């Protein structure tokens, strides 16, 4: 893997300068912007310049282009493997064996009915429906069936969400295991003061490089998937996009500042709860409610321990109490603000989870009420009604 990384770096370093010399005006503009954006007094501690952070035989530093080229390329590879092999060969058969049905295929294109659906969705006026059916040379019942099929083919179902949760489970469980193995061997895991001593002259180990870039690639792939995914009934697209964009920005910012050591600790404490959440979702979609309830209970416990315990009292304590003795530049305070925002987000989710969980207990509601996609359309039930 080290050889692959070095080869890609050589390609980038040899290609970009060649492009800029052929486009001198572009090169001059980029150089002017670079002076403004990469001010040393913002990004680096006093007395340290960018020239001090060039690779040597003993020290290798993060490079800015690493986080906006390699993760995007790897995200496309992830999506290709996910959509061409893992989901069709593994997750979709598993979903069908659990009794879930996929979305029906889209109906034959009918412009007049598409226009009717665009204006009235599933409740067109009877006169408009009869007129559209007559123009389409169809019976009214056939037109109604066309509208239903068109509607269902563009909506998420529990089958889709089961498959999506299965993919996320594979990613999160892999990163949880790999991250645990990598971080177990890192001295700053056991002594967080090492996240700051000799900053910013921290060597970027090859395994940490791959860990960080692969996790970032996953979130890029999730941005693409969420953008292209059909709408939910209660569309949570904006919330998920904001979550993924925030994660990408936080990881990229820490990379540029070479705050990768503390960044790996943030990743470490956030992964395990996501693994359990994905398992609970899959059980819920498959209507295995006993296993969903048990897994959700374990998830809730792990969530509180990791995101409300380890994160503020281990990671953030190190940042605010140990880190501030080594770094005073403006970028450090921006980083602290981002970490604080993440803590506020975690606490807000915790309050929401506990509120809905307690409501479900006292009002005897099902776990379905606890899930943000709980009102997703159930194609299985609708199909049974029409058969």
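Quick reminder: no glycine exception, Cβ is built from N, Cα and C everywhere.
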### 27-46, 47-66, 67-86 - the range that TrEMBL marks as transmembrane segment
67-86
### Task
Quick one: sort out which of 137-160, 161-184, 185-208 is the transmembrane segment according to TrEMBL.
161-184
### Query
transmembrane segment per TrEMBL sits at which of 89-108, 109-128, 209-228?
209-228
### Long-range Cβ neighbours of the transmembrane segment (334-358) (under 8 Å; 6 or more residues past either end)
243, 246, 249-250, 253-254, 257, 259, 266, 300, 303-304, 307-308, 311-312, 315-316, 319-320, 369-370
### Query
Same-chain Cβ contacts of the transmembrane segment (67-86) under 8 Å, 6 or more residues past its ends?
8, 12, 167, 170-171, 213-214, 216-221, 224-225, 251-252, 255-256
